[in-house]
Amino acid sequence: MSTAQVEKKLQPSRKGKKAWRKNIDMQPVDEALESLRVEERVRGLGAKIDDLFTIDTTGDLQVKRQLARDKPLKVDEILAERSAVPAVIARVKAANVEKKESKHDLQKVNHIAKRKREGAIPPSAPKKKKKQSVKQASYDMWGDVEEEQEDASKGYLDVVKERKVKAPSTLKSKPAAMVHKASVEVPHAGASYNPTMEDHQELLKEAHAIEVKKEEATKKLNEQLAYRKELDQLKSELEESISDDEDEDEGEEEEEEQGEESAKQKQEGVRKTKTQRNKEKRKRYNRMLEEQKIHERDIRKQIDRVKAIEAELQEQIEKLEKAAEIRRHLKEEDEKKGARRLGRHYIKEQPMAVQLQEELSETLRQLKVRKCFI
């Protein structure tokens, strides 16, 4: 290997067409032309292609004779012919293809081998079928035909297994109303034909509370269904709001136009200096640090309030459990009172039988009989 260092070729300037034309490297072209001149001086002018190459159109006579000598006879050519269509097969031959065992057969063989390894009892041999003996006819084929009576209980579904109907869990338990509620309700002591003053006043208070509750429900329903006076003022309020919105839209359009003009003025203004850009960059960085500090402070506050949050959650859980207990208690009370509807129809509560103090009878002879359609 030569130790001489190859000088690196300097790249001339190529900026512009003039430099390209000026700094064209003609050395490879000169070397090629010089090599052609040297070859012409040594060998002279080159010969033409026809003088250098020839085309053989007659062929080799010896090769032709060899091919004629080695040519097979016509009889051998006919016997050696093999058609692409196979010959007709006289009978169907079984294909010599190895049958692959299916996955089911392999699993069955592995299962039997495993059972033998574990020492299990081999399966019993299949039972031989007994030959059914021909029964002798027990009827007179020349006699009267008797109609066969089929068992109506079985019919054609004798193979189907009858399933037992599963009884509900509440079938064996009595309803809560039958346990806690008397079969015959005893009326209030104040409903007697000659009650005491205290019992009669207590019954009147209960009846008054029921009527007040009904009046409040009716009043609330009427208020919900009644026409509200506030609806009359709705039209004027809507018109005022629409006019205010139009004024706001006009003000926003003016502000947008002013903003666009100011933006254009800023764009047409002087470019910011490097000092101003660095100052804005420091402001953004300081703002980011402040936001990060505020976020960390909020996280620390939440960590400090872990116990308070746990107490709030525990209090909320207790409230939910208490509400669930109240709902369960109310449901049990409703079940004790009995069913309030029959199918989709609700059972109306019967009005309480109350007599005013003037209507009370002192004796059974003066007692007025009340009609009952229950």
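The backbone N, Cα and C atoms fix where each Cβ goes, and this holds for glycine too.
Per TrEMBL, the range carrying the annotation coiled coil out of 54-88, 194-228, 299-333 is 299-333. Helix, strand and coil residue tallies for the compositional bias 'Basic residues' (272-286), in that order: 13 helix, 0 strand, 2 coil [DSSP]. Across the coiled coil (299-333), the model assigns an average pLDDT of 90. Break the compositional bias 'Basic and acidic residues' (99-108) down by DSSP state and the numbers are 6 helix, 0 strand, 4 coil.
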